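Among the features that Swiss-Prot reports, region 'Disordered' is placed at 1-49. Per Swiss-Prot, motif 'PCNA-binding' is recorded for 3-7, and the stated evidence type is similarity to another entry. If you look up Swiss-Prot, you'll see Phe101, Gly102, Lys103, Tyr121, Thr122, Phe123, Asp173 marked as substrate binding site, on the strength of similarity to another entry. For 151-256, the entry in Swiss-Prot reads domain 'Fe2OG dioxygenase', with the evidence type sequence analysis. Annotation comment: Swiss-Prot describes His170, Asp172, His235 as Fe cation binding site.
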Amino acid sequence: MDRFLVKGAVGSLKRRMEQEQTGGGPAGLAEEEGNSKKNPRRAAPGNGVDSAGLTWGRIRAEGLNCDYTILFGKAEADEIFQELEKEVEYFTGALARVQVFGKWHSVPRKQATYGDTGLTYTFSGLTLSPKPWIPVLERVRDRVSLVTGQTFNFVLINRYKDGQDHIGEHRDDERELALGSPIASVSFGACRDFVFRHKDSRGKHPSRRLEVVRLQLAHGSLLMMNHPTNTHWYHSLPVRKKVLAPRVNLTFRKILPTTKRTTLLTASASVGSFALHS
């Protein structure tokens, strides 16, 4: 049986925020959130309120360590969403395609990267140089840093035009990531299901059967994926044909500059312990 953890763990905070705001959200958002037919089977354990007044849902399982909150009130989230739609420049051409088993396919979503000058990052076999930060991304990044105490120098942006766009099971375990650093996932637009599956529970004949953990990532929400989550758990955003509205997701990361990465690779290779991931 799947373990269904929805945003209800911080629902009371979200409702208070929305009562203070006026106006509607992105087209289709309220309908998608309000008319969901899925009921929570278990609330997120260990919830608490931090010094900034944010209510956090603590999501824990074997090797799974995540924290979830509503970071932006509705009006501010709407404003940021509209700015992202206007300002972000997404990949085109070859960068919008991916090679799988020798065949090239269009990526089922739009992608972009922004970050500090001089960084490179490998994603799905592509080595990317991020675009310079723009104000709307700095605004979100700085808010995340303020409430978490973490710093980030890179962001990967995924835009899902509707529920047909998706991303398959994967782990964010690229060698460029600073060892043990968290990934901050901020969502704007349509509420979408987000699924965690343990590495030992994948495939037709898994070695173990651990519960799948399902979340619903709301407009303006922050999901902190802390170490060692990406070591043990794959995550995905599955197809949801009934979702008609777009979603934009920002995943803030801390990646190593090329010089430090080369030093780490050389040192690790000398003891035969470095494994490459793409």
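Each residue, glycine too, has its Cβ placed from N, Cα and C.
Neighbour counts of Cβ atoms within 10 Å were compared across the binding-site residues Asp172, Asp173; the minimum falls on Asp173. Take the mean position of the Cβ atoms of His170, Asp172, His235, the recorded Fe cation site; other residues of that chain with a Cβ within 8 Å of it are Ile167, Glu169, Arg171, Asp173, Asn230, Tyr234, Ser236. When the binding-site residues His170, Asp172, His235 are compared by Cα distance to Tyr121 (substrate binding site), the shortest distance belongs to Asp172. Averaged over the motif 'PCNA-binding' (3-7), the predicted model reaches a pLDDT of 51. Cβ neighbour count for Lys103 (substrate binding site) (all protein chains, 10 Å cutoff from its Cβ): 7. Considering only the binding-site residues Phe101, Tyr121, the Cβ with the fewest other Cβ atoms within 10 Å is that of Phe101. Most Cβ neighbours within 10 Å, among the binding-site residues Gly102, Thr122, His235: His235 holds that distinction in the structure as shown. Note on proximity: among His170, Asp172, His235, the binding-site residues of the record, the Cα nearest Gly102 (substrate binding site) is that of His170. Sequence-distant neighbours of His170 (Fe cation binding site): residues of the same chain at least 6 apart with a C-beta under 8 Å from its C-beta are Tyr234, His235, Ser236. His170 (Fe cation binding site) falls within a strand when secondary structure is assigned with DSSP. On a Cα basis, Asp172 (Fe cation binding site) lies 11 Å away from Thr122 (substrate binding site). In terms of DSSP secondary structure, the domain 'Fe2OG dioxygenase' (151-256) contains 7 helix, 49 strand, 50 coil.
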